[in-house]
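**Student:** First the structure, then my questions, so here it is.
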């Protein structure tokens, strides 16, 4: 067998296949050359004739349209422009006919198509007629305007005479109140003179109106018969109008009217001019018809020429098709031959001698790698693959020897490992017992600490991360609400705001449940209107009910007091949870909210709040678990929610010394009943929730979130304030040096620094550069009370929670004037509703040690001392020592809000006049909270 290499075999095979492809390409090239020759014949003669004929037809159509447009021309300037366009179109038509003559080789085409310049002659006539019509229209409009103005002048004179007649009647009517002897004469004059004159002037005015109507109808009349009728009525009116003018008593006015009527009579030629206009229009229509007829004949000849050109093109195309079919047959035959020969070469050289052998040797190597060392590899031929088979045999022998050596080594390792294991097993058991006990104790302690830290971190993070985008959503919605929106847009905006508020309620549920578990949930007792709260919640949720076709009804007891002392936000939370659940689980029918009084003593009302629905109801065995966290009434109906609403409501109700129960029947609905006792009180004047006017300020805003930047910018623009925006601490420092600024709004979480540290640097730079203190207000979605206290303790003058609200922002900024310094800035915390004003946990501990009588005496003495202290402070007593003493007394009784307020403002005696009303309000609120707590304990 000759020693032919594998590479030479593959080279010969691929060269043979390539030669077949080259031969097929050559045959295809020859066929395409023949097709190109036939195509060139079409492109040089038949196609140009066809295109030129179509261009002539299109040019003729443009000339016809220009002739029709010519009949509508209204000015000489426009007529000249259209005429020039017609000349250009006619020249272009003549040029195209000349080109067609050259292609066809006979001059008969142009003379046959042009028809002795008949089209140009008709168009010249049309231009002449249109010019005369334009001149006639100009004269007609001038004469019409003149006659119409004259008629209007006569009408004005008649109006003045009519007014004189009416004045005379009024004067005569007044004269009827003269002595009785003159009454008959005055009545006769009134009837025979004044009323008769008034009637004549009215008739004269009426006929003048008719005359002007005939004039107005003249330009609009195109029917000759109607035109004759209008002219006849015009002449009739002109014939007896002078007679009526003769009845005018004022000689000067009568003479003036007569002269004007004579001039109006000269307008009779308007009717002849109108007839001439109609004649010109008819001639224009006839000339346009002649032009269309000429071009119809031209188009007929063009169609004949197009038909002949199409026949030539079809003949040439048929020849090209025959050549194409012949070329295609040749290419198919050659292609099939090349395919057969190529497949034969590929099978013999590539597949049989190369691919199959490579697969065989590859399979052998794969089996060797998997440990099959007893396989046999046969050698075929003397090429490269045959040498590869020898290498595989050598690899197989090497692998067998290596496997044997590895097995001996593994046996030695097993013996050694067994010896070591036996010697260390006893020591390991002892150490393992001690280690397990220590690990269990350490793990339990570490898991408890980590769980507590993780829970706190998670709640803080989830609050911040949800409130931050909510600031953009609710803030943008509030800005949009300031614009004039359509009803549909307002409804869509309400959906956005309601969805955002719902998301905030979800996170608040989670935070509240966490506080409940930790025993930190507190009540902030303040005066509130119960009926207003119920209506507000019902109005908020009414859209949800309307979307499901449910009726939401509210029934309020007329015996309800004006106000009660209660935590309004917590009670609202219970109402929202109960009513929203009723709407969710009700598909048809109604939801009824009922508030009634069960009894009344000297200071308190026993109240019952019921929320009844006609929904799916709750099975009896599941009514006991719906108040458990993360549990819902039915597995088959899951409208959504956290599953915490009823659990939180139950715990809040118990904190309020109330009782929340449910009565339900599957298929008929549920009724949730909340009974509690509330002290009656008078309502204070409510704070405004609308943006208050703010003095001109220049603000530095430090916020890195683009959405929050848009919201804050929109709010400040709404308040007409000047601001500079920085998205990092570095940029804020740069802008601060470009001040001065009146107030700085600083976000706590910034990408390159902490907001608390940044505000200290901003104050120092601003004070050093501009010799002015820069008040700083913190902004954050971290809203826990301890976090807010930490911000204010770091030096911030005030705190704004996210999502921001326009009303809260404007009320806070209203305290800063354009020339404010640090002593005038009023530190304020616009805190969320979760801030508590009474630490009932501390009071409960004191109650267990001291007893109710001691606590009651302490509260009474605190009230007496506080009232005396307020009077002393109002008379000029030392502010710092007074607030320091008040802070200590408030802290001992759990009045944490009052204690914090005193701590913030005890170093600001210069603000006494402004802070005294706030101090009185803080004291009043704290005392009311203590009284409510004391009543609940007794």
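Glycine residues also receive a Cβ, built from the backbone N, Cα and C atoms like all the rest.
Automatic prediction, not curation, is the source of TrEMBL annotations.
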**Student:** With TrEMBL as the source, which of 306-328, 329-351, 352-374 is set down as transmembrane segment?
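**Tutor:** Of 306-328, 329-351, 352-374, TrEMBL gives transmembrane segment for 329-351.
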**Student:** Scan 76-103, 104-131, 132-159 against TrEMBL and say which stretch is down as coiled coil.
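**Tutor:** Going through 76-103, 104-131, 132-159 one by one, TrEMBL flags 76-103 as coiled coil.
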**Student:** Write down the Cα-Cα distance for residue 747 (4-aspartylphosphate) and residue 884 (phosphohistidine), rounded and given in Å.
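**Tutor:** Answer for this pair: 31 Å between alpha carbons.
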**Student:** Where among the modified residues 747, 884 do you find the Cβ with the fewest other Cβ atoms within 10 Å?
**Tutor:** 884
**Student:** Going by DSSP, how much of the domain 'HPt' (840-938) is helix, how much is strand and how much is coil, in residues?
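**Tutor:** Computed counts for the domain 'HPt' (840-938) are 87 helix, 0 strand, 12 coil.
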**Student:** Please report the three-state DSSP label of residue 747 (4-aspartylphosphate).
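**Tutor:** Assignment for residue 747 (4-aspartylphosphate) reads strand.
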**Student:** According to DSSP, how is the domain 'Response regulatory' (698-817) divided among helix, strand and coil residues?
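**Tutor:** Output for the domain 'Response regulatory' (698-817) reads 54 helix, 26 strand, 40 coil.
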**Student:** Check the coiled coil (76-103) for me and report the mean pLDDT.
**Tutor:** 68
